[in-house]
Amino acid sequence: MAAAAAAPGGGGGEPRGTAGVVPVVPGEVEVVKGQPFDVGPRYTQLQYIGEGAYGMVSSAYDHVRKTRVAIKKISPFEHQTYCQRTLREIQILLRFRHENVIGIRDILRAPTLEAMRDVYIVQDLMETDLYKLLKSQQLSNDHICYFLYQILRGLKYIHSANVLHRDLKPSNLLINTTCDLKICDFGLARIADPEHDHTGFLTEYVATRWYRAPEIMLNSKGYTKSIDIWSVGCILAEMLSNRPIFPGKHYLDQLNHILGILGSPSQEDLNCIINMKARNYLQSLPSKTKVAWAKLFPKSDSKALDLLDRMLTFNPNKRITVEEALAHPYLEQYYDPTDEPVAEEPFTFDMELDDLPKERLKELIFQETARFQPGAPEAP
């Protein structure tokens, strides 16, 4: 299968084209939309794809593999948060090996720590992403089923490594012309830790609001793998209707969208909310009745709606797991537990990155990328 790059720190990006590309001269650095890409001589013929908060993505011709690739130019070193996300993504993707998770083919950077201003991450080139695809067409049930299977197949691997993606959304699902799908953008990923404290009621959370599980907004600790399943449920609903199911404008609006469809939580579900302020807020709201999925999606496959219901369950303890979702009747034609690999061992971060200064994070990025430098020993 093929793989690719998404615009760092952002969603879709602009359509691919030759605008802003300066023709290459041997020995010179190519410039894309004013940005120098110091990636020669192996990578040439750059074309702009898109850009995000702290970098730009271009396609390029790889003279070794004889194919076009995607190159992310990341310039994160002025900001602790960008350094943190860059390091986390590199750490995870260099250790992951799965057909439905984006891989890293190569990393280019300056030969010394002092000279390192940018990092170039080379990945397989994908033609589009699910966000762009849903903007342009209504998917058939067959396509929805196949894309959902691949999302869950990749997520099974991620979760088996004890990692939460935490930012699953259509623009982070890359797709090529043969409908292969790869999950990308692991900058917000974390080790699954149900006991880690996430302080505060309705404090700002970095992942895209529309795909956030309700417990993220309501609890101060207890994030589990079920938050990713909620996001996949939101993505399935969006594939069925070509519009986001919970497009909240802010926190409380987001909760109101969710409760407006799922109905008021039961007393048992309220009991799983450990934050008393949040629980009291929910109990103060007028009672709401659940809306039938078939009413929202009258033309959709009934098995798809049953799986959707099991994913978009308010109580994370009752939400379907990724293994259970793969075995659901809706995905029967693809389900093959012998071809749904898991990680060889749980992923562990050597240290908590949140508290490290950007200078230390830069050193760690330099170390993590050393294996790609000329003369470095082959990676295992």
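The backbone N, Cα and C atoms fix where each Cβ goes, and this holds for glycine too.
Swiss-Prot has this to say about the protein:
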type	residues	note
ACT_SITE	Asp167	active site, proton acceptor
BINDING	Ile49, Gly50, Glu51, Gly52, Ala53, Tyr54, Gly55, Met56, Val57, Lys72	ATP binding site
DOMAIN	43-331	domain 'Protein kinase'
MOD_RES	Ala2	N-acetylalanine
Do you know the mean pLDDT across the domain 'Protein kinase' (43-331)?
92
Around Gly55 (ATP binding site), how many other CB atoms lie within 10 A of its CB?
25
May I ask you to report the DSSP-based helix, strand or coil state of Val57 (ATP binding site)?
strand
Between Asp167 (active site, proton acceptor) and Gly55 (ATP binding site): CA-CA distance (Å):
18
So for Val57 (ATP binding site), how many other CB atoms are inside 10 Å of its CB?
26
